[in-house]
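Now, the feature entries from TrEMBL:
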type	residues	note
DOMAIN	A:142-203	domain 'CBS'
DOMAIN	A:205-262	domain 'CBS'
TRANSMEM	A:287-304	transmembrane segment
TRANSMEM	A:316-340	transmembrane segment
TRANSMEM	A:361-382	transmembrane segment
TRANSMEM	A:388-414	transmembrane segment
There are 2 protein chains.
Amino acid sequence: MNENEELERQFEFLRHLLQEDKMNEFREMFLDWHIYEQGQFYSSLDEQERHRLYTYLSPKEMADMFDTIEEDHQDMKDYLSEMSPRYVADMLNEMYTDNAVDLLNQLDKSEVTRYLSLMKSEDVRKIKQLLGYEDKTAGSIMATEYVSIVANQTVRSALTLLRKKAQEAEIIYYVYVVSEANCLVGVISLRDLIVNDDDTLISDMKEERIISVNVADDQEDVAKTIRDYDFLAVPVVDDHDRLLGIITVDDIIDVIDDEAASDYSGLAGVNVEAIAETPMKASLKRLPWLITLLFLGMSTATLISHYESLITEASILAVFISLITGTAGNAGTQSLAVAVRRLAISDDKDEKFFKLILGEIMTGLITGCVTGLVIFLVVGFWKHNFILGFVIGVAMLCAITVANLAGSFIPMLMEKLGFDPAVASGPFITTLSDLTSVLIYFNIAQLFMGFFIGT
Amino acid sequence: MNENEELERQFEFLRHLLQEDKMNEFREMFLDWHIYEQGQFYSSLDEQERHRLYTYLSPKEMADMFDTIEEDHQDMKDYLSEMSPRYVADMLNEMYTDNAVDLLNQLDKSEVTRYLSLMKSEDVRKIKQLLGYEDKTAGSIMATEYVSIVANQTVRSALTLLRKKAQEAEIIYYVYVVSEANCLVGVISLRDLIVNDDDTLISDMKEERIISVNVADDQEDVAKTIRDYDFLAVPVVDDHDRLLGIITVDDIIDVIDDEAASDYSGLAGVNVEAIAETPMKASLKRLPWLITLLFLGMSTATLISHYESLITEASILAVFISLITGTAGNAGTQSLAVAVRRLAISDDKDEKFFKLILGEIMTGLITGCVTGLVIFLVVGFWKHNFILGFVIGVAMLCAITVANLAGSFIPMLMEKLGFDPAVASGPFITTLSDLTSVLIYFNIAQLFMGFFIGT
């Protein structure tokens with residue numbers, strides 16, 4: 001907290017310098033900050049202040065700062081529209097390609113074309129290539145600023161190369177060894193370079209066992225590789241093992257965050273990423289789900305209304321509807337959460353399909369039996385009616401088993417069909433299990449109706 | 001997939017070598033692997049095979065491999081019990097302190113004491129210090145293997161020091177500049193070292209603006225720092241700015257994963273981390289929640305049973321119970337998810353308390369009005385009964401608003417009381433909102449009873 005207040009105070013002071021138009025004092029203090037803090041400061045300014053700041057900074061300085069601003073920042077488009085196109089083009093030139101591409105992906109096609117027309121042709125080629133990769137693949141998040149070397153060099157020349165490239169490379173802690181055809185043949189860490197003698201040949205020390213990812217791999221798989229191997233970066237290759245770029249650990253942290261937030265949002269039926277918004281905006285985002293689920297829920301209501309005569313005969317049945325639907329919904333949500341998580345971390349998705357579903361049905365039967373037995377006893381003693389207890393117990397057993405089946409089957413089906421399994425969100429499963437629970441409950445009740453009325 | 005099969009094939013071959021007792025061939029191939037793959041292989045063996053592998057490897061080699069095995073691996077205790085205590089002690093000596101501590105935290109006190117009694121006194125001191133830090137703080141996840149230097153040295157001596165420490169340090173890409181009293185006064189990256197001239201003084205190039213974390217900081221805050229600043233490691237200091245250790249990005253990825261999984265588990269009311277278990281084990285873990293919620297749900301049932309006479313009079317009321325509870329539950333889950341997420345990423349929790357709650361109430365009113373209006377029209381036209389539609393619409397508006405209030409207030413209260421806000425899990429909120437929804441619904445229905453019966 002204290003550090004935050006200190007930073008807040010400095011923000012205030014800097015803003016003051018900006019308003020007084022004291023460019024030199026401002027630059028001296030501002031450029032001393034970490035680029036992340038610069039980005040935070042920039043995001044906190046109003047349009048006029050941003051404009052002045054923009055006149056103070058070179059495109060390179062602005063680019064360094066923009067590298068740290070989250071690309072999905074809502075005001076990104078405004079920021080760029082406040083600068084001259086030529087300045088933006090220079091800034092994009094100076095940014096790491098992966099960040100420049102992320103930024104361009106936020107813009108309209110016409111704007112992208114305009115900026116690209118002002119950039120150096122070599123950079124444009126690189127950027128266009130990256131823009132071509134499908135979203136959420138390794139290609140879409142990789143950077144092209146890496147350091148590579150051929151194998152017949154020495155440690156000394158590798159270090160010289162690193163020194164030269166240190167300014168522009170996104171990460172210099174790995175040097176990638178390539179063949180003449182730019183195929184990846186080895187990896188050397190900077191740790192290895194500084195430990196070994198200057199005259200050692202690269203070919204003698206390179207790690208033969210290369211861990212790389214394919215440019216078309218899913219970003220989640222890349223995240224898994226970096227996490228498992230504790231890498232700081234992983235090389236990206238094409239189908240012919242040609243080195244195309246690298247993905248660094250900081251980008252992977254963003255991937256992990258995004259995936260976690262999306263799974264979490266799916267379970268709740270709301271996008272939790274959009275924060276600090278007005279109630280009106282929040283409502284507009286939540287309403288589509290709520291209304292959709294309301295109409296799905298209407299089918300449950302319609303179903304119940306088919307059994308209205310049954311309820312008129314035995315209003316006690318109405319008392320337990322929400323208990324049965326609620327419990328089955330809880331069980332279904334548990335299954336769903338486990339299934340989505342397993343799909344996210346599993347390597348071999350086909351093999352586990354039936355095993356997981358079968359396991360969930362078994363789990364449903366066991367938890368259903370126990371829960372059913374408990375409710376049988378509770379209702380039996382409470383209402384002095386063990387036949388009613390039996391009906392509710394059996395209905396609960398069936399409803400929980402079906403909910404577990406739905407909770408595991410639907411996300412797996414989504415995955416098979418190529419959708420994000422998290423789309424089969426929690427509220428959707430709950431509403432679906434409501435419908436089946438009610439159907440099961442009233443059908444069983446109907447069977448036993450003669451027995452428990454009047455007992 | 002193809003790479004996985006290749007690895008699988010190699011696993012088979014290596015297992016074969018193990019069974020044939022071909023130690024030299026085995027070692028040559030095994031030690032060529034990445035330590036993560038070694039760990040995967042080790043985890044896939046049976047007890048007899050593990051025992052043979054253990055006789056093949058030195059404590060240092062075993063330690064490198066153990067550094068990559070997740071510390072919460074269920075079989076960790078078995079693994080250690082299969083080795084001689086002296087060997088385990090040597091292995092713990094060789095492991096990074098943070099990993100050794102994580103491992104020891106899995107064991108019983110008596111075992112810890114036994115292993116520590118066999119270790120070098122200096123290591124024991126370090127480990128005991130780390131064992132003393134509270135769970136989930138910076139202290140509990142930091143490593144003590146860092147490289148530090150005093151400011152009056154040159155780049156050359158820093159590089160010499162790095163070369164010497166490269167084998168044991170967990171990360172060598174930062175050198176921490178300390179005062180005589182071991183206070184942190186600066187940070188230099190290896191990038192800076194190799195770019196600068198060998199004779200440059202450390203004091204001339206060190207970054208003055210140091211970002212560090214306190215040893216008592218929550219691990220989530222450390223994660224936020226590393227993520228925001230894109231650091232590979234962050235130094236950990238005590239209240240007097242003395243350097244105690246470092247936290248590396250790979251440990252932070254684990255923290256982010258764990259926190260995400262725990263939020264996600266909370267929302268579903270099930271621990272999703274425990275995977276690949278038998279249906280029986282899974283059931284035992286899910287049943288406590290299901291039964292607890294069943295009894296909470298019983299209170300809803302009891303409440304409904306108070307209104308049984310109302311239902312007998314107008315069985316149509318029963319048709320809409322689950323629609324109202326379901327929709328309110330969905331709205332409450334949305335609020336809950338947003339609140340838990342905001343609490344996780346917010347810096348300043350006090351200030352936002354009332355703003356968030358107020359925002360959620362407003363959001364509840366807006367979504368409630370729209371949803372209520374929709375259901376008013378639907379029920380009105382469907383049942384040709386606009387008074388019934390009005391009752392259900394108003395009940396839905398109230399129920400959604402209350403659910404939004406509960407969904408945001410309860411996790412914030414948990415946070416205030418020092419609990420993990422994710423403990424206020426989704427099913428709990430849903431069940432609670434069921435209860436209030438039913439109460440609201442029947443009270444409003446009772447008020448208008450005279451009007452819509454017989455219309």
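Cβ coordinates are placed from backbone N, Cα and C, and glycine is handled just like the others.
Model, not experiment: these values are computed from the prediction.
Across A:287-304, A:316-340, A:388-414, the stretch most heavily in contact with the transmembrane segment (A:361-382), judged by Cβ pairs under 8 Å, is A:388-414.
Across the domain 'CBS' (A:142-203), the DSSP tally of helix, strand and coil residues reads 19 helix, 18 strand, 25 coil. Residues belonging to the domain 'CBS' (A:142-203) score a mean pLDDT of 88 in the model. Within the same chain, residues 269-270, 311, 321, 325, 425, 427-428, 431-432, 434-435, 438-439, 442 sit at least 6 positions outside the transmembrane segment (A:287-304) and bring their C-beta atoms closer than 8 Å to a C-beta of that stretch. Long-range neighbours of the transmembrane segment (A:316-340) within the same chain, counting only residues 6 or more positions beyond its ends whose Cβ lies under 8 Å from a Cβ of the stretch, are 263, 266-267, 300, 304, 307, 310, 356, 360, 363-364, 367-368, 371, 375, 379, 383, 385, 388, 392, 395-396, 399-400, 402-408, 410-412, 421-422, 424, 426, 429-430, 432-434, 436-438, 441-442, 445. Taken through DSSP, the domain 'CBS' (A:205-262) splits into 26 helix, 16 strand, 16 coil.
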